[in-house]
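Heads up, the thing below is written out as structure tokens.
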Amino acid sequence: MYEYFYPPKEEEFIPTKSDILSQPSRIDFSLLSTTPPVDPPVFAGSGPKKPFRILCLDGGGIRGILQAAILGRIVKLYPEFVDQIDMFAGTSAGSFNVSALATGRTPTELLNIWLNNAANIFHESYWKRTTTMDNTLSAAFDAAPIRDMAISIVGQTTLGQVKKKILIPAFNLDPSSTRKEEQKATKSDTISGLKPPITTATGDLTQQLLRMRIPRACGGWSDDPRWFPEYFHNFDSSDNADTLLADACLRSAAAPTYFPIYQGYVDGGVFANNPSLAAITSCICEGVQLSDICVLSLSTGNNPHHIPKEMFGDGNWGVYQWGMNLINLLMDSTSCAATHQSACLLGEQFYRIDPRLTSDIDLADSSAATIDMLLKIASEVDLEPVVEWLKIYWGSGGETSAPKERLEYDWMLL
């Protein structure tokens, strides 16, 4: 059995890939990049075959501006980028961004939409703050401005009208009230100026899971009241064709404590803030070969969240101490887990852009200083390796010559 360290000691012993893979328990995954130590998968099928390319965008509130700015830079460096995408997946703020791109908006147009709407979306009046005990008794922000932004982006477009594949996660709080028949939405739940939303999720979880061709895992009787995660998509097996894209986005963006519950749903970020794994597994359920899938995953910035020992003390925390830490904990933990799992599945065909933020930026901080900081960070992200990866794996996949050989163990951050 080999004994190895990071960095190698004395004899500069460098383990082989088989050594590494045979001892997974010895690997400190915190030292790895987004790509695990596996060889790039060979594209399935005989002869040249293009990859199935997926753009995945995390949630993050105001930090959606960072995504839009980075996407704009990518398009300038690699103009055919958006046209080559086969599927879009986005959560919360990311759902707005992928919906814009999937319906023909350019990243520049998307960025302008964010800049023109951010202050209104995340505006909290003094009256509301004082009458709701500083948001203890209600959501921090009104739903109207974010609805207006959704309408300005996609109008009355339904999921079935989107030409390319799209997937948007949201969490269903009350399955028993979201039957397959048309939802009888209240006036406050309906997007102003649009037809009443159609909810095609079923309360019969057994049938839903059978349609998804995945094992029953969360119960499944027709009267089962328990909540569950849901994907709004336009794959052939979908019954979401008549669902308004704007409604799907607003369901996915209804962050607890920030925005009101929307049509019985809350933010998809509570279980899939990074939608990469959701997109990959959904594609597999629809018959796409794993070896054909390429994913470019873009976060809304790596926030330096942590709880130091001197802060949590003996660890005997209650609701007051946890507070908003729980929201950050949910979003950060699911994003990190999805990144690791997606990288393990796809190897070199998974690439994640996760810019480090210089300070903790709350998802509702729409101050001019914060927006300027996000734009500055976006302008400084090194996109040269991203474009190189796009040329090798994204552009034509199996139609290219063999991918460039990596330097040995470049996935280790020594």
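Each Cβ is built from the backbone N, Cα and C atoms, and glycine gets one as well.
Taken straight from TrEMBL:
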{"type": "DOMAIN", "residues": "55-280", "note": "domain 'PNPLA'"}
{"type": "MOTIF", "residues": "59-64", "note": "motif 'GXGXXG'"}
{"type": "MOTIF", "residues": "90-94", "note": "motif 'GXSXG'"}
{"type": "ACT_SITE", "residues": "Ser92", "note": "active site, nucleophile"}
{"type": "ACT_SITE", "residues": "Asp267", "note": "active site, proton acceptor"}
Field: Tertiary contacts of the motif 'GXGXXG' (59-64) (same chain, 6+ residues out, Cβ under 8 Å)
entry: 90-97, 114, 118, 122, 252-253, 255, 258, 267-269, 273, 299-301, 331, 361-366, 370-371, 374
Query: Once the chains shown are all counted, how many other Cβ atoms turn up within 10 Å of the Cβ of Ser92 (active site, nucleophile)?
result: 35
Rounded inter-Cα distance in Å - the residue listed as 'active site, proton acceptor', Ser92 (active site, nucleophile): 6
- line: Looking only at the domain 'PNPLA' (55-280), mean pLDDT returns 82
- request: Provide the three-state DSSP residue tally for the motif 'GXSXG' (90-94): helix first, then strand, then coil.
  value: 2 helix, 1 strand, 2 coil
Query: If you count Cβ atoms within 10 Å of the Cβ of Asp267 (active site, proton acceptor), leaving out that atom itself, what do you get?
result: 31
